[in-house]
């Protein structure tokens, strides 16, 4: 790993895990499919002028090793893998895999950068205590991360939450930690550029991690995912969020929950590839041309 | 049937008919697929605070019996089935099946509740005299229902109509009966909350039936249907319509025209399951938590 | 050809070519699939009152002949075919096929009508010098057309451009010719009716050609295409653009880049069939009822 | 109709009906899909030397008209349509649609040719008294045809029957009429050429009708059908059966039960197109080259 | 569980687990999909005369509870669940789920019946020591079962093994235990009825368990599975194997590895439903009519 | 290229071309999809004992460069690329791409090895003079190769030919050159091991090239291809053919015509990956364990 990342500013790394999934599985092939569809991502960002590949050193370093047959152990493997990747100073853009992976990644991030602010786009808060009696799964990463001090809870924003819930208190736990929650219906029919002004203010200069669950986006645009919820964000709003992170002190990010078996046209993976490119564009050090 | 509904306030009932379909068939498997996808519908409505399962007695009572090889006879079977289901005071949420089924259901509704107001979401007015010389099919239910006095025509609103037509007078028949028609292009780029204020006023305290044809929604969000029309409503607008019915005297409803063979990802059925849950949330007697 | 078009005002003509495609192929079956799905296009336009089939003579004249194994030669075949079709005064609505076809069509248009104004809806500018060293392909038609004088460059508008680019100067060449470029992000969250007022002014009374690449529309609505780009136009905006062309001196048009193998539900072809109907509705001579 | 068939020896005619289907619907698009896939059927039969298009006059005359919303009436429409088609002496190759259609076609055949011998390939005997209380549907055509005297019951062979049954007596009714039943497991692991020798003997010089239900073939080869049954015939055996009919006095035939929504690759329709071509090759009057 | 099984001879029970899968996931929805497609399984076996539902008491008792986020724990849950189901004397037909489940089921079987003979149909021996360092997964159940004494190793036959291997010794471990291994290429081009005569002799009167991995069958017939291997058994041979078990002292069975996301037509689930019916037909106590 | 192949005995090389396709396109993604599905190809051949990766040096060297927008030029590019790859003594296993590619590959083979014997598995003879007036396309490679002296025509065997033809003389041209043609119907119901004994005799010690068009195999097993023909070979027979080449002086091979858009389950690519592995196993120098 260390060799792989030598001299890199940012690396893409696949985490092909779906053992933490609650409904439809298949995210284990997310990294493979997103790589395939990334073949039409070109060099520059015509809308913003960002030129990431002319500014910083970037590479895809392959997949992290893990024991996919034992979820708690896989989490340890992921944490170890990311710790090594980050040890050279390289920042990571993880390609999931289900959302379970963000917990061990944030453990590694904390060791390197301390507690981080979080821009979290998702249909679900993912702050359950557990599911079916198991503490570790894709519905719980931010609970564990917050409890373990990986998050600077006053600098956490969750955008796009919606859908039916297990209990009317589903979002309360996060609010008590200080999370700002922006439900999907607060985003309907409007640009999220104003929201991102507030988010930038909230984040300040501290380190920030972006966790993008593709199910934050409406299933019309992102059908290939395991727990889709109706009436979600649009790709337009997703771009407003990510582009709105420009200038923040981004220390890492992930794009999770793309499930290729349910992505019948490949377009969810294509969307994910574009979002990952846009996330790359807002990493520190990326230069922008005037447009 | 009577036994099945004893003690229930609202029941879901499948009507797996596609013999009335004009273009792509397949709605006969709508109930089965919607039930499958409903597995991720949870208990409460996080956005509105509705807690239907803690408020009223609800069950899925299976499918109504009918002779699917003889459409006119199937209509009689449906009418008889719903009459029995309603005889205990249980209200019905029908899961289609093609839109033909709403005609016999409204016959049963009329016997129990008299002429009803109608909130009808659809791409098509469904007020043809018939198709190919046949009076009974999925393009005609509201014509028959109106003629037979099942509808309180001054309290009928049709939302989302659009697409090419057989004749320039396609919507005129309904208007003459007093229907309010809100074409899709009148809904573009905006919230339907204001419209629903007017609809609530229009409906008053009288009994109201909700008939939701999934093709009212744009085919990007609801591809799995037989006669899709472009530039339709969004799921966001669908939620605004249904949530806007809160407080009305809802006596029944249906969700029709989901065709699983054309629903390649299952997400049309998932959307339908959510819309049925949202319809359940606005039935009289459902309690709301503060949110 | 001449016999086929005798007495026609407008003809639909298929151009089943995909040899110019850069990413996913399959547009060779675009004409066949669009014809199949056109079976639910009815006679009149309920929203606008247009009655094309009661106003002008229209027919589908089949496919143009071409050598699909030699792209430069195929372009010659297309130019010859369209020249003959237009020789009777019949205007053409071409059904692609990939966007390469617009170059030879515009050559034929120029011979008949001189340089034309262009309403071009697309995710891509299609003004590359070439790809992989080949000058002729689906990324270059408007470069060749402009250079050859087929376009009245001051009356060219390109709407919906977006996505990653080969270089930060991708759109500059067109701007230098005088093209007006409206990037997709300039269209987000709003109606395009105001834009079309400006476009009508820009076009004046001169001849206008409409070239509609289905990838101008967001892949949620039009998944069945070869180089989809996220965060695009909506079918609503597409209708605003096309209906906004009413009154212009339309001399021809095309709808390209529908790729059936990636159109898993048939709904991209259905969208294309509707857009072609709407384009037909704005040809000179079509009568409108009051609506 | 009469004009359409003037001078033809054999015509293909579509019967897009699926109202008689018991499980998965969708056969209404069988004719359309089979026509699409027939585009790679070429002129001659390389294996047998048959040159049908150089021997007899053949055309596709389109679809028969029928009221698809009333199954009993649709049957009358079909019978009337085929009677007219046959009135010129033209023989018909019907393209279904579900198997219900063979009953009214055989009524028309009887009027023209008297009771016919039958080569029937199918997974099901289709000799039920009815289903769900309805006498007319796709599980009953040969019962009705036999009762009405359309069949010369001593010259009926049913090949490929298999699957679970409603009762242990399912095949008894046919046997009592004199039908020869060849269950699928009698065909396993072997060529059907010897069987066809017996069939040719059985049929003699009398008129023979071929009814080919695509579900006679194993679902691996023909997934796109409504009531697939495992462990069926192979396309190789299908060719042995059809080619084994060479020399018989074929007076008509059909290919039914292709359901495009379940034919995800188009290959069931492609198989059907080939089988129809092979059936055409064994009509009287077709010449064979030496091969 | 005990209540559920009271009075039953055989029960179907779902085990929706895919956490043990090595390649494509998705078997968690196997039980749901197989139940859906089982709707066209009728009452009797026309080929063999078996009338299971008229002979013994059979029911579907739903799914076993398990913690799907912890594979070792899930195995304990499965063992406990099956132990309870069997405690009433009811025999089980498990519907997977991935092949991991057979290990805990065999643990429960051993407690009830002692070491059992095994008829195992599969593309893989599933006798690895483990994968990726994890002992428990779908490549290892029969290794664990043998080591723990659940199997009477001299009465174990594995049919259909094939494909590439990790090492040339892959099948050696089983052979050393006394397993009889019948590789797929030994089955090519022939009936397996003779093999089953030998198997019946081998099994004698002792208790026998049937474990059917759907990937034993060629992917043309069973595409919907996670680790397909080419050149496999046919459904015809599968029927020969299962029907060849008639007369044995069957004490339980399973059908595993159906993965609905890869079963694009539903026909793998349909095949599985038929195989489960056929397995039911060979349980002790089932009566046969003469056919 | 030379660097890539230094020290290699055999390399896999992708040729992502579909510009020569006559019916359904999409083979340009064949190499990508086959690589994806090859992830479950393991190290050894359990059936034959072959251990290729322990015997010879093998690598995947990526794709050959070509101008996909100009078919004649692309052929030159392919010839040049393969010439360079072979210059180090490395043999090539090409992964198509449509069958056009075999012509330029055979040109490069001839330069290195002289005229070669050919084992050609295909549904089509591919010896047309051309199509639509174009000499170069996927229906003509063996005509050109023979005319140019790339083939030792007395040592050419074509296996699996079938389907409808343009003319009764379709296979005559090859026969006149001395090709042995084994039509598919000559292969029905039997093992091809005896045929391969004859083929080995025919090939002797001279250099042999294997060209495997996936459409040689029946579309049930290989649906993902552009010009499928019914009643073809089975994967079992394919293995018999390839394994039957053991001992021959193989100097190169290809696997062509996998079209991922039509390979809805990925299993055609999986079959192709396995066939390529089996072809690798019969290259000179591969060692076999006793099995």
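Placement of Cβ uses the backbone N, Cα and C atoms for every residue, glycine included.
TrEMBL labels come from automatic prediction, so no person has curated them.
Residues or ranges marked as Mn(2+) 1 binding site by TrEMBL: A:99, A:122, A:213, A:215. Look at residue A:99 (Mn(2+) 1 binding site): DSSP puts it in a helix.
The Mn(2+) 2 binding site feature in TrEMBL is assigned to A:124, A:126. For residue A:126 (Mn(2+) 2 binding site), applying a Cβ distance below 8 Å and a minimum sequence separation of six or more within one chain yields A:99, A:120, A:138, A:139, A:140, A:141, A:142, A:143, A:213.
Within 10 Å of the C-beta atom of residue A:124 (Mn(2+) 2 binding site) sit 25 other C-beta atoms, taking all shown protein chains into account. In sequence order, A:122, A:123, A:124, A:222, A:225, A:226, A:227, A:228, A:229, A:232, A:257 make up the list of same-chain residues 6 or more apart from residue A:215 (Mn(2+) 1 binding site) whose Cβ falls under 8 Å from its Cβ. Of the chain residues outside the Mn(2+) 1 site list A:99, A:122, A:213, A:215, A:121, A:123, A:124, A:126, A:138, A:211, A:212, A:214, A:216, A:225, A:227, A:256, A:257 have their Cβ within 8 Å of the site's Cβ mean position. Listed binding-site residues: A:99, A:122, A:215. Those with a CB under 8 Å from a CB in chain E: none.
Taking all protein chains in view, 27 other C-beta atoms sit within 10 angstroms of the C-beta of residue A:213 (Mn(2+) 1 binding site). According to its DSSP assignment, residue A:215 (Mn(2+) 1 binding site) is helical.
There are 30 other Cβ atoms within 10 Å of the Cβ belonging to residue A:99 (Mn(2+) 1 binding site).
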